Amino acid sequence: MNPSSSDEPQQHSASSSGSQSPSGAGAAAAATDTDESALPLLQELSDLPCTSVQQKLNRYFQDATGAKLSFLSPVRKETEEMVIHVLGETILQQELRFPITSQGLQRAVQNGESSKQMVLELNADLVEKLREMVSPLPEVYLCVPVQHPIKQQVALVVCLVGVIDDAETSAVLVCTKIVQECFRYCLSLLLSTLKCQEETKLRLQCQDLLVVSKRLFTRLGDLTDLLREIMTEARKLTKAERCSLFLLESEQQELVAKVFDGLPSEEQRVYRYMLQCTQEMRIAIGQGIAGHVAMTGKLLNIRNAYEHPLFYRGIDEVTGFKTRNILCFPIRDEKGIIGVAQLCNKINGNYFDVNDEEVAMAFSIYCGISIMHSIVYKKIQDAQARSKLSNELMMYHMQVEEEDVQALLNCGDDHNIKDFDSFNFCPRTVPYRHMPCYVLKMFEDLNFIKRWRIKKNVLARFTLYVKKGYRDAPYHNWMHAFSVAHFAYLLIKNLRLVEEEHMTELQAFVFLVSCLCHDIDHRGTNNSFQTKCGTVLASLYSSEGSVMERHHLAQSMCILNTEGCNIFETLKGTLYSEALDLLRNNILATDLASHFRSVDDQREITRCYDKKNPSHRKLLHAMLMTCCDLNDQTKNWKVSKQTAEQIYDEFFSQGDLEKSMGTAPIEMMDREKASIPDLQVQFITNLVLPLFTNLAMVFPSVKSIVQIIERNREVWRIATAIFQKYSEKGMTGMDILLNARLEEEVLVHFNNFDEVSVSHSSESSTKMDFDLESPSFGV
């Protein structure tokens with residue numbers, strides 16, 4: 001065809017111009033008239049947005065060359081990708097970005113020479129768009145690269161679809177001449193509009209970031225909410241399907257994720273189960289994509305996740321989610337990397353591009369600022385809560401006077417109760433006022449005072465502070481602490497834990513101290529209650545778990561830091577740090593939730609226990625702490641019953657509190673529903689008996705204690721029928737437990753099964769007196 005030489009070439013359409021390709025004399029005329037037709041075009045392009053400029057240029061090239069469709073694609077040299085905003089005169093709702101994977105396109109961009117290319121070698125999404133606009137779709141298109149006027153590189157590529165046949169070659173030169181002559185006048189304007197479009201896009205992104213930063217700074221009060229908001233905004237800004245956010249624990253050299261975004265609840269459950277973590281996911285520095293970014297501090301843009309060596313496919317295989325591409329970037333504060341964000345699967349795009357990388361890095365600055373401010377804010381809140389708690393503690397407890405210390409040191413009692421160092425001894429029979437004296441006696445008997453050069457006045461003051469640290473709760477009180485410490489003393493002494501190298505001297509020392517301190521300032525309510533009620537303790541420790549145990553540890557540290565109370569003061573260097581670590585581990589081990597998490601591991605190590613294996617020793621020590629905490633069940637049934645009275649008094653008080661707040665307590669804390677004997681049987685069967693059975697696997701001498709526990713369980717089973725009889729008369733479980741006749745009736749029934757020894761009183765043939773301290777009930 002001969003392209004029109006009129007002053008308004010843009011008025012010609014491809015259909016009215018015919019379908020022949022420019023060749024021969026007509027092609028020469030087209031080339032000759034290019035200058036004249038381009039000048040009016042240049043005038044029309046001024047003050048138009050980038051997409052409108054491309055529309056007019058595409059129309060011009062279609063008219064001038066007879067192409068069925070024309071489109072321009074700016075080339076991003078740094079990423080080797082093409083960007084398409086307009087096809088013909090159609091503005092795309094979503095720009096197309098794709099890498100230059102075709103070898104022909106790569107040669108054209110590198111050499112700057114026009115060439116014929118196969119349409120089907122183009123990006124699949126682009127080919128689909130072309131099919132919608134051109135039918136039938138030609139097999140060949142002409143690729144005309146246009147050089148940058150200053151830089152030595154190709155600035156853009158003009159693609160002319162349907163302008164030539166596969167056999168034609170002469171038309172290539174003509175079409176190339178038309179394109180190049182046109183851009184001799186128009187290229188600078190087009191590049192300027194493209195640059196303006198990028199700047200406009202950047203300005204909008206900056207505005208978006210300011211809006212996002214405002215949202216982030218309204219979430220500083222709760223780090224979890226802030227992390228969720230960060231992930232949500234990161235997905236929106238980059239149009240990603242999912243986002244994961246990891247915070248760096250520098251001491252552990254691990255990345256930790258506690259919040260997951262974009263995952264359905266079922267997938268979250270599977271995700272966490274697969275990682276064997278109920279509340280968080282941990283990744284070592286250098287491991288996987290996120291770990292690599294945390295280690296190098298460099299952004300990582302992965303266009304094909306499954307081809308990347310650091311990508312782990314296991315999560316996808318379990319959840320059914322398909323990860324296509326990943327953008328992972330570091331989050332920093334002024335000191336360095338504090339976290340890593342990982343975005344998955346670009347929506348409406350093949351992969352994350354340079355713009356996404358720029359947005360992510362800019363966004364990461366706001367993330368770092370907001371996260372650090374949130375952490376600082378949390379520390380301030382914690383400090384305020386601790387201050388409030390300390391004031392509360394000081395108000396509740398009186399200070400230990402020096403005369404009290406001297407009275408303890410100068411006590412005139414001989415402190416020589418028979419069988420004090422035997423497992424059959426019940427520490428609750430020690431006179432309450434003499435219990436601190438017997439604490440000192442245990443330390444001295446185990447040679448801790450001499451071995452660790454403990455000043456007796458320091459030990460006495462420490463003991464009195466610990467005693468005052470316990471509230472007057474029905475069960476979790478100073479008597480319970482003394483009982484637990486006494487059992488630790490029995491274990492160390494009778495099982496020869498130090499001599500047999502199950503514990504070092506330091507571990508045994510801290511073991512006894514831990515048992516004394518393990519329930520300091522217990523409020524008579526459990527961890528669940530603290531969390532549900534949002535108490536001060538919960539605000540301090542709920543994110544870490546084991547709310548009450550962490551509070552007991554904190555109060556223990558508070559006492560140790562009190563002047564004249566630090567019984568660890570003679571420990572130097574690493575020994576002091578080790579002692580504090582042991583104290584922490586021991587007290588946290590008394591959380592039954594922690595015990596149940598490790599019970600399978602404990603059972604496993606008892607089968608092949610190796611006292612030289614550090615992990616075996618650590619599990620054993622945790623198990624010994626739990627044994628001490630539950631030692632009341634190793635005494636005779638009378639002690640077991642007395643303990644039950646105190647425990648259920650505490651439980652039911654909590655249940656009453658929950659009812660007053662409008663919530664229904666669990667059965668074991670509901671005085672109207674709890675069946676105490678059944679609960680005791682379950683408690684012994686599911687917790688106490690397996691625990692001591694495992695201990696007996698390591699220490700065979702403990703088997704006699706296991707027998708006592710089994711016997712107590714049988715007595716509670718027999719008590720079930722008696723409780724039922726009284727409950728039918730309208731008595732509650734607590735009333736029955738406190739009934740003066742209960743012990744006698746239970747033991748009479750137990751005697752009928754030949755399980756207890758009964759001695760008849762010579763004074764009365766109708767009244768039976770049971771020797772509850774006999775070997776039939778105790779060790």
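Glycine too: its Cβ is placed from the backbone N, Cα and C atoms.
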Given that TrEMBL annotates His476, Asn477, Trp478, Met479, His480, Asp519, Gln680 as binding AMP, state which candidate in Asp421, Asp629, Asp735 belongs to that site as well.
Asp629
Hey, of the binding-site residues listed (Asp519, Asp629), which one tops the CB count within 10 A?
Asp519
Quick one, of the binding-site residues Asn477, Gln680, which Cβ has the fewest other Cβ within 10 Å?
Asn477
To the nearest whole angstrom, what is the C-alpha distance linking Met479 (AMP binding site) and His518 (Zn(2+) 1 binding site)?
12
Which ones in the same chain are close to His518 (Zn(2+) 1 binding site), with CB under 8 Å and 6+ residues apart in sequence?
Ala481, Val484, Glu549, His552, Asn586, Ile587, Thr590, Met625, Asp629
Model confidence over the domain 'PDEase' (398-723), averaged pLDDT:
94
Would you mind listing, in sequence order, the residues at least six apart from Trp478 (AMP binding site) in the same chain with a Cβ closer than 8 Å to its Cβ?
Met435, Lys467, Tyr470
Using the structure shown, find which entry in His476, Met479, His480 (the recorded positions) has the sparsest Cβ neighbourhood within 10 Å.
Met479
Per DSSP, three-state class assigned to Asp629 (AMP binding site):
helix
Please report the DSSP secondary structure of Trp478 (AMP binding site), reduced to three states.
helix
